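Notes to accompany the following structure.
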Amino acid sequence: MTKLAEWLFGISVVGALWGVVTFDLLGLRLPAAWQEVAWPMPVYLLVAFGCYSLATVGYRVATFNDCEEAARELQEQIQEARVDLRRKGLRF
Amino acid sequence: RFCTSNMASRRSSEKSRTGTDKYSVLLPTYNERENLPLIVWLLVKYFGESECNYEIIIIDDGSPDGTLEMADQLQKIYGSDKILLRPRAKKLGLGTAYIHGIQHATGNYIIIMDADLSHHPKFIPEFIRKQKEGNYDLVSGTRYKGDGGVYGWDLRRKLISRGANFVTQVLLRPGASDLTGSFRLYKKEVLERLVEKCVSKGYVFQMEMIVRARQLGYTIGEVPISFVDRVYGESKLGGNEIVSFLKGLLTLFATT
């Protein structure tokens, strides 16, 4: 199953459940409170997911390591390499 | 050190396969005259310290700046058993460069990395240790975990990178944190199989490799790396890259 198919399958299952509860498709005579909660649920979920996404990406951008030390080490090693390679007879 | 101990255990007549492990580094180059001697020097330094068996395969795609001439000099310095030149006449893309390199590789493990010094050879011993630790089919460097990170990226670049990574994680759930990085160690036969299956180009190629690896049930180990953006030469991330990334992502979403 491709990722696309997995997503479609997942969305269909959730969508079907939502339809059953909201519109009482199977005639289950569910409590009215259930319907009231279920009806706006897709929007709530979308908003919640959006918030989670923004928070996660924001946090990860803010905590993205700046490797200053690695850059400095590399610069030093470049100088060292140049000297050593020249000694070994390399023409740059 | 870990390669030495393997040699020792081999000497003590415990016939282990790991004692004969050899690592082939594939370095596809295009106009890397400045960087090539430096990356080779670093590779020799760190492989020398770890006492692992290795070779460096330079695949130059007809660079006009004399990269090949530089490679030639390096071969004379370090020897033709350590530095192998397998140039091609013109620029033919990364996937075919790997195929070309694999054909000439004598190691049972292959390391692929960029020759522009953004990938530091000091991490290779860690890759090797990690691979042995879990007998992983591939070990991927990651900028997004632990002590991993980047140098030389502004806020916009970081935001795009993290955003793209998040979307990809949500859509593909690939079981690896850095999909577009190209600093990895593969078992040779695993890389062969993957390269055969992958069709994308550029950033997406690296992503496809790891997504298909997971799809084929290969195990993936990760090592945090610091990515120091190109010291010499230009690094770019324009609208075109973003569009082709999204196209590639959707293709993988629909086909894997």
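Any Cβ shown, glycine's included, is placed from N, Cα and C.
According to TrEMBL:
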type	residues	note
COILED	A:64-91	coiled coil
TRANSMEM	A:7-30	transmembrane segment
TRANSMEM	A:42-62	transmembrane segment
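Outside the transmembrane segment (A:42-62), and at least 6 residues removed from its termini, the chain residues within Cβ reach (under 8 Å) are 18. In the predicted model, the coiled coil (A:64-91) shows an average pLDDT of 95.
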